[in-house]
Amino acid sequence: MEQYHGTTIVSVRRGNQVALGGDGQVTLGNIVMKGSARKVRAIYDGKVLVGFAGATADAFSLLDRFEAKLQKHQGNLLRSAVDLAKDWRTDRALRHLEAMLIVADREATLVITGNGDVLDPEGGIAAIGSGGSYAQSAAKALMENTDLAPRDVVEKSLRIAGELCIYTNTNFVIETLE
């Protein structure tokens, strides 16, 4: 059975601000199934931002598990991410989930993968999904050459990715923490 896939999620951190945004396109093969999906959310009483890319059902399953880990570890982002990655890597059922997450709070941004990786991205920029490379490149250039706020960098980066990646549209959801 073919999976739903394709998206762009990007996070930018500057000073005491962090923004996380994503597009709204859900694709099944070469068909756009939905253009307004919400793949970025504020969770844990608005203290943590999370964005996901990959197979939609898998991503929602991981999002639920990550929220449970945050509750268990009283909002400690790193411990929650490592605990989720460990389960994801070792659990037989979870091991087959095809998705990635970017999570962020006031102090850190992390990328969580199904390989058991918890990555702290360099330069305060993280991006995943089919248009992630485009968005990350655009965000890096904007961060190095402008004084734009993280939200504006995320929006412009997503717009560029949406113009280049066929699996990314320009219907964005952007969340911020200050």
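Keep in mind that glycine also has a Cβ here, set from the backbone N, Cα and C atoms.
Around Thr7 (active site), a 10 Å sphere centred on its CB holds 32 further CB atoms from the protein chains shown. As annotated by Swiss-Prot, active site applies to Thr7, with the evidence given as sequence analysis.
Swiss-Prot lists Gly162, Cys165, Thr168 with the feature Na(+) binding site. Cys165 (Na(+) binding site): 21 other CB atoms within 10 A of its CB, across all protein chains. In the three-state DSSP reading, Cys165 (Na(+) binding site) counts as coil.
Comparing Cys165 (Na(+) binding site) with Thr7 (active site), their Cα atoms are 9 Å apart once rounded. On the backbone, the CA of Thr168 (Na(+) binding site) and the CA of Thr7 (active site) stand 5 Å apart. Around Gly162 (Na(+) binding site), the C-beta neighbours below 8 angstroms that are at least 6 residues distant in the chain are Thr8, Asp23, Gly131, Thr168, Asn169, Thr170.
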